[in-house]
Amino acid sequence: MLPPPPRQPPPQARTARGSLRLQRAFLRGPLGVLRLLQLLAGAAFWITIATSKYQGPVHFALFVSVLFWLLTLGLYFITLLGKQELVPVLGSRWLVVNVAHDLLAAALYGAATGIMIDQTQRHSYCNLKNYRLPCAYHAFLAASVCGGLCLGLYLLSALYGCCRRYQGKEEVV
């Protein structure tokens, strides 16, 4: 009679998804800091607009700010978790996708800031000392400043991405 074969440990189950690890280099790097600042300034922009009485072209400014706030939030967390390869078609060109996002955001934030500056000037009549009726002048002025800040931050991150691409680097981090 033959001895029983030696017992082998069962094969380890492979997970379909890799483990989540934070990309600390991104978090501490210039693009990670710029993304956080973009999220803060963008939130200030759309919250300031949303809490005031607005109409007309201000709807476009609110749309742009919320859209790019959500897109930036998505880019930030996908890059932070290092899961850009899971994005179909675009994951292999993640640096180019980030630069295109930043340039488009800068262009549309420029238009939104122009709208807010125009609305601020149209409501400047209620900036008088003894004006008692409710007015959106201060909210529009704050939104104009936040929009200009967003525009500058997105231009900076686009410039940073272009510099990385020019140096021959393919990764965001």
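Glycine too: its Cβ is placed from the backbone N, Cα and C atoms.
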From Swiss-Prot's topology annotation, check whether Cys135 and Pro57 share a side of the membrane. yes
Long-range CB partners for the transmembrane segment (30-50) (under 8 A, at least six residues beyond its ends), listed in sequence order, are 58, 61-62, 65-66, 68-69, 72-73, 75-76, 79-80, 98, 105, 112, 116, 139-140, 142-143, 146-147, 149-150, 153-154, 156-157, 160-161, 172-173
Taking DSSP H, G, I as helix and E, B as strand, the topological domain 'Extracellular' (116-138) contains 13 helix, 0 strand, 10 coil
